Amino acid sequence: MAKAAVTKRHHFMIQKLLILLSYGYTNGLDDAHSLRCNLTIKDPTPADPLWYEAKCFVGEILILHLSNINKTMTSGDPGETANATEVKKCLTQPLKNLCQKLRNKVSNTKVDTHKTNGYPHLQVTMIYPQSQGRTPSATWEFNISDSYFFTFYTENMSWRSANDESGVIMNKWKDDGEFVKQLKFLIHECSQKMDEFLKQSKEKPRSTSRSPSITQLTSTSPLPPPSHSTSKKGFISVGLIFISLLFAFAFAM
């Protein structure tokens with residue numbers, strides 16, 4: 001019994017390290033040269049009628065904020081450029097449509113209610129790095145109630161889940177052709193405008209601080225395909241956590 005408890009603790013520790021590994025890697029991708037959109041889908045209540053919210057950032061700058069309550073576009077930059085305005089116009093309707101689709105999918109997804117504590121709470125992060133001459137691509141991270149995690153890479157149209165339970169849900173979502181088309185369409189439709197805006201943002205002085213994405217601290221999604229570029233900071237984080245994993249496995253033996 002004691003041995004089983006120790007093993008369970010080791011497995012829990014390893015799971016947390018894997019979460020940090022995902023955070024460290026993705027944080028290397030998520031900087032002022034990337035556009036990040038955080039989407040939240042939840043069950044509305046009479047006290048809080050909010051059921052969807054979408055926020056898009058470049059670095060620390062909020063360039064777009066949408067919800068079913070506040071449908072106006074906002075920006076954290078008083079000196080907003082024409083490129084920023086074009087990006088917002090391009091993203092607004094596709095994001096609204098996607099949030100409605102996500103709401104329908106969550107409502108029709110069977111989950112363990114003990115894990116989700118009722119209606120599933122969905123968090124989605126889209127990260128679009130500046131294409132720099134490559135085929136425009138993005139990473140979509142899905143987090144259902146901090147219990148089910150999977151990722152979609154538009155670059156090679158691949159899906160990866162954190163575990164078997166997440167894989168069951170992921171496989172149903174990936175088989176929805178209309179849904180996948182929406183994820184791809186948003187990137188294809190707005191890639192040129194996003195690249196122009198990111199190029200302009202890259203030339204501006206920026207803060208070195210970063211805020212984690214909506215799913216980064218909880219997502220256990222696997223590493224992106226090797227063709228994605230990473231910063232030195234991302235590699236350092238991966239290296240340190242890999243060493244920690246080795247120690248964790250050693251103690252678990």
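Quick reminder: no glycine exception, Cβ is built from N, Cα and C everywhere.
Between Cys190 and the candidates Cys90, Cys99, Swiss-Prot records the disulphide bond with Cys90. For the glycosylation sites Asn38, Asn70, Asn83, Asn143, Asn156, the greatest number of Cβ atoms within 10 Å around a candidate Cβ is found at Asn143. Of the candidate glycosylation sites, Asn38, Asn70, Asn156, the one lying closest to Cys56 (disulfide bond) when CA atoms are compared is Asn38. Sequence-distant neighbours of Cys190 (disulfide bond) (same chain, six or more apart, CB under 8 Å from its CB) are Val87, Cys90, Leu91, Pro94, listed in sequence order. The least crowded of the disulfide-bonded residues Cys37, Cys56, Cys90, judged by other CB atoms within 10 A of its own CB, is Cys90.
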